Amino acid sequence: MSRRVSQKLPGIEQDEGVGARVRRSIGRPEVARLDPFLLLDEFRGSAPAGFPDHPHRGFETVTYVLEGAVRHEDFLGNQGVIRPGDLQWMTAGRGIVHCEMPHGEVECRGLQLWVNLPRTDKMCEPAYQDLRSSDIPSRSQDGVTVRVIAGESLGAKSPVFTRTPTLYLDVTVQPGAKEFTQPVPQDWNAFIFVLSGRAEFGSSGAGAVIGEAHETLLLDRSGPAVRVAPVTGAAAACRFVLIAGRPLGEPVEQWGPFVMCSKAELLQAKEDYRNGRNGFERAPGWASFVVREQAD
């Protein structure tokens, strides 16, 4: 039995960061969170717009670039450029201050997912898992191509280690493809964000729902799999991401980029950042290339 689509939400573009634009899937009034996920944004922008110096604590940010490039730098000395098809899985843990900015002449477009960390990992040391496009496993079968960002699909397994068990697939369904079914543990929460084209999602027959570009489809827990099929007569492929995760079932207290389990922990995070301690020792006085270049 396949999961049914419980809710379909349109993608509405909004301002975010400095001059950037996002379509927010998770983390909006209708769906504040979908445990363990805190946010999914489809972002776009060109320099000098972007996301200058800002902190994080208590969760992971997953940046997947679709077009253009994103330049990244943090206060630990980590830096680099994320190009089309590349992935950066950043564990903020006890604290990171960084910037993420469009790089080059081409407008960048991508996805950023926020994955909550369990209380036991919220104060872990920051860490990165960087995968080039060629490092992400890809499989094709019967007109369906799957890039396995996290988890497993069609016999391929991602090398990404997920502290919070997560499935993250980039799927393209060609016109005339056969029906695609992806197993998902029945106690996990799952949703779909459509990047382009249109396809049929959920149970077959009267229960099927057509999803189109920039729409979010929330899935119930009625079955152990997610079903996708091309729309009859479709002239173009449909590309979407399927994201699922095991709920943490823990309290969530959030203030912007700080996500903890209690109000006291959240207050501590703010004070630690303000006072440069407990993971934010390098924050006072640090400035990324964005600020340095503006000062020159």
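Cβ coordinates are placed from backbone N, Cα and C, and glycine is handled just like the others.
Feature list (source: TrEMBL):
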type    : residues                    : note
BINDING : His54, His56, His98, Glu100 : Fe cation binding site
DOMAIN  : 20-115                      : domain 'Pirin N-terminal'
DOMAIN  : 168-279                     : domain 'Pirin C-terminal'
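Neighbouring residues of the recorded Fe cation site, listed in sequence order and excluding His54, His56, His98, Glu100, comprise Phe51, Asp53, Pro55, Thr61, Asp74, Ile96, Val97, Cys99, Pro257 (Cβ within 8 Å of the Cβ centroid). Around Glu100 (Fe cation binding site), the same-chain residues six or more apart in sequence whose CB sits under 8 Å from its CB are Gly50, Phe51, Thr63, Val70, Arg71, His72, listed in sequence order. Annotation for His56 (Fe cation binding site): spatial neighbours Met90, Ala92, Gly95, Ile96, Val97, His98, Pro257, Phe258, criterion Cβ-Cβ under 8 Å with sequence separation of six or more. Counting residues per DSSP class in helix, strand and coil order gives 0 helix, 65 strand, 31 coil for the domain 'Pirin N-terminal' (20-115). Cβ-based crowding with a 10 Å cutoff singles out His98 as the top-ranked of the binding-site residues His54, His98.
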